[in-house]
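The domain 'Aspartate/ornithine carbamoyltransferase carbamoyl-P binding' feature in TrEMBL is assigned to 2-160. Marked as carbamoyl phosphate binding site by TrEMBL: 47, 48, 49, 50, 75, 110, 147, 148, 149, 150, 269, 270, 297. Sequence annotations record features per position, and here TrEMBL assigns N(2)-succinyl-L-ornithine binding site to 142, 176, 236, 273. TrEMBL lists 184-305 with the feature domain 'Aspartate/ornithine carbamoyltransferase Asp/Orn-binding'.
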Ligand SMILES: NCCC[C@H](NC(=O)CCC(=O)O)C(=O)O
Ligand SMILES: NC(=O)OP(=O)(O)O
């Protein structure tokens, strides 16, 4: 594998899950693989889990991680072609990506969507510019439309916690005050569509994800009906896709409660707003596996880096 930018870069999700579980048992087994190799992590947006777990994954493989908060710390980067750069951007991605490629063996990038310009977001301007102008492999640490390290993590976590061969997994929208990206929900849906699970999505009307992502997955607008016999309830807010980036619904009746989830396991990528997305009683109970889920971020990232290093 050269780059890891989408869930579609996973050729066989079941074998990847098994390999990740093996790494989790002996995380330091491949300490030689990354010796004297550098991983550059570039953040255009905030992070706690991705920033730390991806560095931890690199360290477990003997790599040296170097990190930069691009927004604020670096020079403003220009992505437009042929732009007369007399505004706020000081250097072009052509130079920036070429320069960083000389310092790093792998580059990992986080760059969220604008949520105001659908065409621009769906073109994955930042991620694709790095892919085009960097000369080393690229890892997506959450882009405009996808968070494939999270999606892989979620697949591993469901495989670890499932009690039956084909569990029922529900992706539920929940309310939030801000306009949030679709990336986590998109990659989760794509991962579940590759797994042997009974997968449904529940969201209010006007909140369907992109039809390209939904595919043939059932969308049930009645949350209670969707949660019936669920084994895993994966919760995430996203802004409207049709009325792009808008927050048209903050109905608190969509918040996840202990009563609603029954015997299902609660999952969320984090960070999560308590008593907006989900009530304390869920997060503070054994129904919640969000901490175990976040732990798996390390092994998902480690597997991805290992596959790229082995291919180098
Ligand atoms: N990387 C995991 C989620 C990142 C982002 N969440 C957020 O921006 C939450 C911010 C807040 O709650 O203020 C998202 O939804 O894609
Ligand atoms: N889940 C996740 O990606 O968390 P961070 O935004 O903190 O990296």
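We count from 1, first residue shown onward.
Keep in mind that glycine also has a Cβ here, set from the backbone N, Cα and C atoms.
Fewest other C-beta atoms within 10 Å: among the binding-site residues 147, 236, 273, 297, that description fits 273. Taking 49, 142, 269 as the candidate binding-site residues, the subset whose CB lies under 6 angstroms from any atom of ligand 1 consists of 142, 269. Maximum intra-site Cα distance, carbamoyl phosphate binding residues 47, 48, 49, 50, 75, 110, 147, 148, 149, 150, 269, 270, 297: 30 Å. For the pair residue 297 (carbamoyl phosphate binding site) and residue 273 (N(2)-succinyl-L-ornithine binding site), the Cα-Cα distance reads 20 Å. Taking a Cβ cut-off of under 6 Å from any atom of ligand 2, the binding-site residues 47, 49, 297 reduce to 47, 49. Looking at residue 47 (carbamoyl phosphate binding site) and residue 142 (N(2)-succinyl-L-ornithine binding site), their Cα atoms lie 10 Å from each other. Each of the binding-site residues 47, 75, 149, 269 was scored by the number of other CB atoms within 10 A of its CB, and the lowest score belongs to 75. In sequence order, 269, 270, 294, 297 constitute the residues six or more apart from residue 49 (carbamoyl phosphate binding site) in its chain with CB-CB distances below 8 Å. Under the DSSP three-state reduction, residue 49 (carbamoyl phosphate binding site) is assigned to helix. Here residue 147 (carbamoyl phosphate binding site) is compared against the binding-site residues 176, 236, 273, and the shortest C-alpha distance is to 236. Each residue in the domain 'Aspartate/ornithine carbamoyltransferase Asp/Orn-binding' (184-305) gets a DSSP state, and the totals come to 47 helix, 19 strand, 56 coil.
Distance from the CA of residue 75 (carbamoyl phosphate binding site) to the CA of residue 273 (N(2)-succinyl-L-ornithine binding site) is 32 Å. Summed and averaged per residue, pLDDT over the domain 'Aspartate/ornithine carbamoyltransferase Asp/Orn-binding' (184-305) gives 98. Counting every protein chain shown, 26 other Cβ atoms lie within 10 Å of the Cβ of residue 142 (N(2)-succinyl-L-ornithine binding site).
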